[in-house]
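Worksheet: the structure to be examined is printed underneath.
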Amino acid sequence: MSSEPFKNVYLLPQTNQLLGLYTIIRDKKTKRPDFVFYSDRIIRLLVEEGLNHLPVTPNTVETDTNQSFDGVSFLGKICGVSIVRAGESMEQGLRDCCRSVRIGKILIQRDEETALPKLFYEKLPDDIADRFVFLLDPMLATGGSAIMATEVLIKRGVKPERIFFLNLICSKEGIENYHAKFPTIKIVTGALDKGLDANRYLIPGLGDFGDRYYCI
């Protein structure tokens, strides 16, 4: 179900297990091995939820007991596109769920002169326009990088309805900015934070995800 009051935002069920995982990764005292382990658990949950939104077609198979089972098969192929570098942390979670999945990368950094996001690099599957795309970035703060990455995908022929944006934490401002540009794209997230601080970090947040995950 879409998370009110945001249309096309799908929040993971706020179970005690999930809240416990977020408590660990938000804690500034958590060491890197634990931060990586528990972040990976959340990422896996996000990927599984993203897969729930892919279209399917009926498929009946025969079991080893010579009985019929009415199931489904996914329609179309998928790929992941990570926003480098933090988004690369989510690639393994996608690979764990989807064997031999194609992965693309987009590098966006802040222009020091304008303070605006700037595209530096992209490497995407040649047939990306024919695939469903999981856009991967752990944090949605202002939405600038995600908006630019999505513009790259659309310019490469990907239809907005085939894009699913997966992240661990969103801000209200980031959601509003992103959906002002792309209202039909589904966002799958695990947490909605209350806002941004003066440095444009999510609050309560967890700091710089990439630094904590890669220990740089």
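The backbone N, Cα and C atoms fix where each Cβ goes, and this holds for glycine too.
Within 10 Å of the C-beta atom of LYS77 (GTP binding site) sit 14 other C-beta atoms, taking all shown protein chains into account. Residues or ranges marked as GTP binding site by Swiss-Prot on the basis of similarity to another entry: ARG32, ARG41, LEU75, GLY76, LYS77, ILE78, ARG102, ARG131.
Annotated 5-phospho-alpha-D-ribose 1-diphosphate binding site per Swiss-Prot: ARG85, ARG110, ASP137, PRO138, MET139, LEU140, ALA141, THR142, GLY143, GLY144, SER145, ASP208, in sequence order. Secondary structure from DSSP puts MET139 (5-phospho-alpha-D-ribose 1-diphosphate binding site) in a beta strand. Within the same chain, residues at least six positions away from MET139 (5-phospho-alpha-D-ribose 1-diphosphate binding site) with a Cβ under 8 Å of its Cβ are ALA86, ASN167, LEU168, ILE169, LEU202, GLY205, PHE209.
Look at Swiss-Prot and you will find TYR201 tagged as D-ribose 5-phosphate binding site, backed by similarity to another entry. Listed in sequence order, the residues of the same chain lying 6 or more apart from TYR201 (D-ribose 5-phosphate binding site) and placing their CB within less than 8 Å of its CB are ALA141, GLY207, ASP208. For the recorded site, TYR201 (D-ribose 5-phosphate binding site), the DSSP three-state label reads coil.
A coil conformation is recorded for GLY207 (uracil binding site) in the three-state DSSP classification, outside any helix or strand. According to Swiss-Prot, the uracil binding site annotation covers LEU202, GLY207, ASP208, PHE209, on the basis of similarity to another entry.
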For ILE78 (GTP binding site), the one of ARG85, ASP137, GLY143, SER145 that lies nearest, given that the binding-site residues are compared by Cα: ASP137
Of ILE78, ALA141, LEU202 (the binding-site residues), the residue whose Cβ has the fewest other Cβ atoms within 10 Å: ILE78
Set of same-chain residues at least 6 away whose C-beta sits under 8 angstroms from ASP137 (5-phospho-alpha-D-ribose 1-diphosphate binding site): SER82, ILE83, ALA86, GLY87, MET90, SER145, ALA146, ALA149, PHE165, LEU166, ASN167
Sparsest Cβ surroundings (other CB atoms within 10 Å) among the binding-site residues GLY76, GLY143: GLY76
